[in-house]
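Remarks on the structure that follows.
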Amino acid sequence: MRTVMRPLAALAMVVAAVVAVLDGGAVAAGTPDQARPEQTRPEQARPEQTRLEQALQQRLLTGVGVRGGEREGEDLMQLGRFYDGRASAPVWIADGRPSPRAHLLYAALAAAAEDGLDPRRYGVQRLGALLEHGDSPDALAELEVLLSRGALLFGRDLAAGRLDPSRIDPELIVERQEPDPQALLRQVAEAADPGGAVRAMAPARPEYRRLRAALAAYRTLAAAGGWLAVPTGGETLKPGQSDPRVPALRARLAATGELSPAAPAPADPQFYDPALEAAVRLFQSRNGLEPDGAVGRQSVAALNVTAQQRVTQIEINMERWRWLPADLGPSYLIVNLAAFELAVFEGDRPVHTARIVVGAPFTRTPVFSESMTYLELNPYWNVPPSIARDEIFPKARKDPGYLARRGYELLSDWSETAVPVDPATVDWRHGNLNRYKVRQKPGDTNSLGRIKFMFPNRFNVYLHDTPSKRLFERANRTFSHGCMRVENPLDLAETVLRLTGTTGWDRARLDAAIAGDQRQVVRLRRPLPVHVTYVTAFVEEDGTVAFRPDIYGRDTTLAAALAAPQGRQQAPPRAPAAARTGMAKPGAEGAGPVAE
């Protein structure tokens, strides 16, 4: 791979500039007031028009030339309905040849790669040949149907994603909102610019538009040869050292702009100087690594991800944004598991952010959307049976005082009428311990901390406080059994209460409530949408492109599914998170998988 000769320090500026063009140049779908193709049929159809309509009807009946794809039967049925409503009048053919609007739609399909989608999926190879040489009624009928099906496929893929996430991974619970196929076809058919109409079905979110711009920038990088790898092996490279790997490190960071061309070069080209250290720390921060300036195995691995691999990473994260609802809510909370952070939005403006701890690799936090409906102050923690069996009972067996010291109490069973059991009366070695319910009482040592945020879901996953504040300082924060621990939870509670119009609870009252040990439930006046996502590539508002490690391997799975023919990649068998973490019964007080 040849080296990029000109340092691309202005990569963020390129991304921001492309975003500005996209924002200013978006084309909305056609409206009744816009120019639209003439749909009034002449009283006396020309013979060639009749032959075209007959050929079109035959194509729709047999599917010849338009078969293929995972939903071909459904798509042909929708196309048949659409053309029945037009009495088989063509949309894209005028005066015996492809209309200018046909070329506009074709151009949009051919440019599908700009949205990280494969143009071949939309038949552009055959369409190009038909536009160039197709002049018989049969060829024009094939062109007509292929263009309409391409619009249907491309519009649906842009609006709701190419893949059904639940078929990729059982931990991706996303309700895709596909557009109505007849409305989609009519909207494109009636638009003055059908290409613009179908492109307008992509997410309008600024996060998506910024990724689209970053995709173009990184494709340019990849086409220019990307960057040379930093040599692997050897000891961790630290500031102040001289090392033969330094020139390669300097060139690598210059390629993506962390090292400015204006940075002074040391007299010794192998010296790891302060300017290079600042560039390394910036790279580490942008890539979710500990920003310590030390170039060890993790940093070298991130540096050596190729430009083409970054292109793929951006493409799959654009797909994830297409899965989300077009309307996330007037106010909402969004979690990015891969970035270990959450943000609360009021409209499109973030009003609160916080670091979080997420599930460990073997107890992954799932992806889903639900609504927060209440907060719980001074919660009990009902220990899931698997955690009690594997972690708590063995310690209680060795140390009779363990339960009391950690604030646990033993209950006779999981029923509503369960009564406390004295641990001293339990046969810890030979008794049936699985019958007992373990509950941790409210207090400073409670694993849920002093507050939890509830958005009921099939996984019994939620946000909560934690007594282990030190973990928020780590770059990689995969430590929980599936739930999400949140930093500064009372700040989050204040924001949630304000945005949901829940009155009567100010900071003083919250502080007073958690000073005691009395459990209290605060019902929200309005639900707050919560979207738990997994995004490993994103662009900051200033144009900075950031990446995160694929902590759960979900990038690998999604990339393989997108690369598979027609996106038919099936998820490997894997137990859902709830089954794997041994979560408590849904609806049980304090249910949820949490461990410190």
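Cβ from N, Cα, C; glycine included.
Remember, TrEMBL labels are computer predictions, not curated facts.
Per TrEMBL, the features are as follows:
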- 1-28: signal peptide (SIGNAL)
- 29-49: region 'Disordered' (REGION)
- 35-49: compositional bias 'Basic and acidic residues' (COMPBIAS)
- 331-522: domain 'L,D-TPase catalytic' (DOMAIN)
- His464: active site, proton donor/acceptor (ACT_SITE)
- Cys483: active site, nucleophile (ACT_SITE)
- 564-582: compositional bias 'Low complexity' (COMPBIAS)
- 564-596: region 'Disordered' (REGION)
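Taking CA atoms as the reference points, His464 (active site, proton donor/acceptor) and Cys483 (active site, nucleophile) are 8 Å apart. Within 10 Å of the Cβ of the residue listed as 'active site, proton donor/acceptor' there are 26 other Cβ atoms, across all protein chains.
The local packing around the residue listed as 'active site, nucleophile', expressed as other Cβ atoms within 10 Å of its Cβ over all shown chains, amounts to 28.
Under DSSP, His464 (active site, proton donor/acceptor) is assigned to a strand (E or B) in the three-state scheme.
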